[in-house]
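Annotated features, as they stand in TrEMBL:
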type	residues	note
COMPBIAS	511-521	compositional bias 'Acidic residues'
DOMAIN	23-505	domain 'Major facilitator superfamily (MFS) profile'
REGION	507-538	region 'Disordered'
TRANSMEM	21-48	transmembrane segment
TRANSMEM	68-87	transmembrane segment
TRANSMEM	99-118	transmembrane segment
TRANSMEM	162-189	transmembrane segment
TRANSMEM	212-231	transmembrane segment
TRANSMEM	295-315	transmembrane segment
TRANSMEM	347-367	transmembrane segment
TRANSMEM	374-394	transmembrane segment
TRANSMEM	400-417	transmembrane segment
TRANSMEM	438-461	transmembrane segment
TRANSMEM	481-500	transmembrane segment
Amino acid sequence: MARELKVLNALDAAKTQWYHFTAIVIAGMGFFTDAYDLFSISLVTKLLGRIYYFNPASKTPGSLPPNVSAAVNGVAFCGTLAGQLFFGWLGDKMGRKKVYGMTLMLMVICCLASGLSFGSSAKGVMATLCFFRFWLGFGIGGDYPLSATIMSEYANKRTRGAFIAAVFAMQGFGNLTGGIVAIIVSAAFKARFDAPAYGDDRAGSTVPQADYAWRIVLMFGAIPALLTYYWRMKMPETARYTALVAKNAKQAAADMTQVLNVEIVEEQEKAEEVERRDQFGLFSRQFLKRHGRHLLGTTVCWFVLDIAFYSSNLFQKDIYTAVQWLPKADTMSALEEMFKISRAQTLVALCGTIPGYWFTVFFIDIIGRFVIQLGGFFFMTVFMLGLAVPYHHWTTPGNHIGFVVMYAFTFFFANFGPNSTTFIVPAEIFPARLRSTCHGISAAAGKAGAIVGSFGFLYAAQSTDASKTDAGYPPGIGVRNSLFFLAGCNVIGFFFTFLVPESKGKSLEELSGENEDDDNVPEAPVTADHRTAPAPPA
């Protein structure tokens, strides 16, 4: 019956219109904020260490202790995981629109609060920062399933992949903007409050005003989210939720008549039949039979992808230092170090991250999700092995630029690959009543991988030589062996991709099997429906 509802047919067949681009911007700005907030912390962690963990007797600048660094970097991911599960489920229960506003306001409030973290000691400041970043992550978590689901349910089937990918591509601009804001803030503070290098003046290398710099960077993320709140609240509920979950096909037709500027009148008998349909739940045998392997594929692929993606992204600054692309910390002041870390990460975002996202936007509805994800995992494996096998070569003077180029290609194929498709496909292949929940589960598996990457890589990437590890860390397996491990994660993702169906050019109801429900109705009810069919004309 889903395929016979005029409102859903109208959405699938609709030409690309202004409302599509409006939806991309409204949903995309949430993702812009998500990316900014999640990755901006990596730009200021070195500065936090210098400010709050300065030791005048140490030859090296202060750095966050292992447990504090792991908490500051990873606590937002813990919140995101919880938010993805909770708001994903709530989006199927209350509707996409209602929950969408909740997540955005939570993000805005906690983003501002993160920058206002208070305390009279280092422990107090870090504790309040972690508290607010957990709840910031909780709000961000809700944005994942809701943004993807709303965009997939608004889009036509011909260009749906590009529209969802465009929403996700805003993550690249969030990363880039985070780097640009950190560059501007650090450069402005450095120009106004210049300081000597740590090696020349240990205490004087970190000016008191630097404590404002990291707060401004974190708080800036609230601005784009706040600007889109009004427009989010004006969006009507998606027609697929209203018709198939809330079972009000007439209201769905009325909403989409305004959006599409086309008169849609839903037939009463079809609307009533949608209301009578029995629907299986997430933990039913029928769901396991139809979508069990799909959910396994989306969760495992997202899990292993995020281990590799987030461990590399969050710790770019450490990798750059290892290959001597950044100067030694004691040769820079605190604000100069923040500036150079931000500049390096901005360059990678500009050259490797953003192009990959937009390649996906342009090609996903041409070559399909399956090929892009498979190819992405393959080339990520190739380039990570290309970094790991001759790692000694890359760390010798004169070869550092080559390392950065290879590293940027890894990010390019992550974004023109599984980092985009793992977000897109779960929003397409599950039934409307479980779409947000299943996307939330898949995304939460990804964030579990991000937690493994962000916590585990801190320890794993430490040198095997105890004398060369960062303060407070035990010896690890080294960057080279860590890269081998991440390449292995990509191989696992490559093979689990085969569990996920291709969704290019198909309607959501065809992919989710909601059309099959109608084909497999027992004979008796079908006969009864045929008998009542002439009733409306009578």
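Each residue, glycine too, has its Cβ placed from N, Cα and C.
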Mind checking which residues of the chain, 6+ beyond the ends of the transmembrane segment (99-118), have their Cβ under 8 Å from one of its Cβ atoms?
-> 30, 33-34, 37, 83, 87, 90-91, 124-126, 128-129, 132-133, 135-136, 138-143, 146, 150, 214-219, 221-222, 225-226, 228-229, 232-233, 235
The transmembrane segment (21-48) versus listed stretches 295-315, 347-367, 374-394, 400-417, 481-500: most Cβ pairs under 8 Å | 295-315
For the transmembrane segment (374-394) against the transmembrane segment (481-500), do we get 3 or more Cβ-Cβ pairs below 8 Å once near-sequence pairs (under 6 apart) are dropped?
-> yes
May I ask whether the transmembrane segment (212-231) has at least three C-beta pairs under 8 Å with the transmembrane segment (438-461), counting pairs 6 or more apart in sequence?
-> no
Should the transmembrane segment (295-315) and the transmembrane segment (162-189) be scored as in contact, given a threshold of at least 3 Cβ pairs under 8 Å and pairs 6 or more apart?
-> no
Leading contact stretch, 68-87, 212-231, 347-367, 481-500 vs the transmembrane segment (162-189) - CB distance under 8 Å | 347-367
Cβ contacts under 8 Å made by the transmembrane segment (212-231) with residues that lie 6+ beyond its boundaries | 22, 25-26, 29-30, 32-33, 36-37, 40-41, 43-44, 47-48, 51, 101, 104-105, 107-108, 111-112, 114-117, 178, 181-182, 185-186, 189, 335, 338
Across the domain 'Major facilitator superfamily (MFS) profile' (23-505), what is the average pLDDT of the model, as a whole number?
-> 86
